[in-house]
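Engineer: Swiss-Prot lists these features:
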BINDING   205  Mg(2+) binding site
ACT_SITE  221  active site, acyl-anhydride intermediate
BINDING   223, 238, 241, 264, 279, 280, 287, 288, 289, 304, 317, 318, 319, 320  succinyl-CoA binding site
């Protein structure tokens with residue numbers, strides 16, 4: 001048996017009446033755990049190889065805690081707590097970063113992102129949607145939709161209310177981890193699987209999808225769509241949009257460089273380089289025709305926005321007289337042409 005793993009985590013979760021997993025909570029996921037940890041836990045769990053999600057008992061949890069006592073105190077303490085659980089326990093061991101094949105594996109991948117152990121696009125999430133059941137997220141936790149009506153009636157008969165916060169495949173991140181050094185005004189707007197860097201503020205209108213996020217510090221008052229990563233020091237204005245890889249059929253990975261500003265109700269469908277500004281209300285798609293202006297405001301040429309992807313120090317604006325989309329730079333016409341040629 002190989003003693004190297006891509007990831008290892010001990011979790012407690014929720015199953016429906018058919019004992020199918022609805023969700024899993026991993027308090028302390030590990031990325032590339034030491035060979036000593038793997039060697040200590042594998043025999044107790046009966047793990048041999050590959051990517052597996054193995055259920056274990058309270059008795060095994062005590063054994064695992066004892067085995068890790070002199071190797072990893074934090075994991076040992078966690079397992080001692082898990083041994084007291086009334087809910088089902090699962091150990092997920094990933095030998096490699098392959099596409100997830102179970103709900104427990106999918107949840108571990110999402111935890112790795114939100115615990116800042118990996119960045120967006122750095123972990124394989126292929127085929128994750130069918131592995132995440134659509135469940136009711138309630139004040140008593142995850143509930144299978146087929147069991148919801150009965151539980152709602154049961155609560156009412158006891159004079160109580162079963163409150164449903166959302167019906168979705170993804171829970172909110174803060175029910176699983178709150179990364180250090182962040183502010184999130186409305187926690188329902190940040191999904192598990194988001195990477196929220198230290199110093200990030202997500203205001204009420206901000207939204208961060210899974211496999212997306214921020215380097216931090218930064219202010220997010222707009223939408224960070226799936227697959228989008230925002231560089232440090234960048235601000236997304238109220239109601240602005242970043243085009244995700246899940247919508248529109250595009251496969252271009254949209255990113256926002258460092259020190260950028262996307263104005264209120266603006267949007268981007270191209271990757272932005274460092275120190276770019278997009279005027280409020282202006283949505284730039286890859287095919288948008290852009291009048292490129294030099295430092296003297298003279299027209300250099302008209303290009304498609306995709307030709308400016310990743311270029312630094314650009315100001316995108318709309319001409320208030322004729323409606324043309326313009327891009328102002330601090331470069332000469334010669335420098336602009338050289339930059340475009342190098343980019344192509």
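Heads up, the Cβ atoms here are built off N, Cα and C, so glycines get one too.
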Engineer: Of all the binding-site residues given, 279, 289, 317, which has the fewest Cβ neighbours within 10 Å once its own Cβ is left out?
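Structural biologist: Output over binding-site residues 279, 289, 317: least Cβ neighbours within 10 Å is 289.
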Engineer: Give me the largest Cα to Cα distance among 223, 238, 241, 264, 279, 280, 287, 288, 289, 304, 317, 318, 319, 320, the residues the record lists as binding succinyl-CoA, in Å as a whole number.
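Structural biologist: Per the listed residues, the maximum Cα distance equals 26 Å.
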Engineer: Taking every protein chain shown into account, which of the binding-site residues 223, 287, 319 has the largest tally of Cβ atoms within 10 Å of its Cβ?
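Structural biologist: Of 223, 287, 319, the one with the most crowded Cβ is 223.
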Engineer: Take the C-alpha atoms of residue 287 (succinyl-CoA binding site) and the residue listed as 'active site, acyl-anhydride intermediate' and report the distance between them in angstrom, rounded.
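Structural biologist: Their Cα atoms are separated by 26 Å.
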Engineer: Fill in the CA-CA distance, residue 317 (succinyl-CoA binding site) to the residue listed as 'active site, acyl-anhydride intermediate', as an integer in Å.
Structural biologist: 20
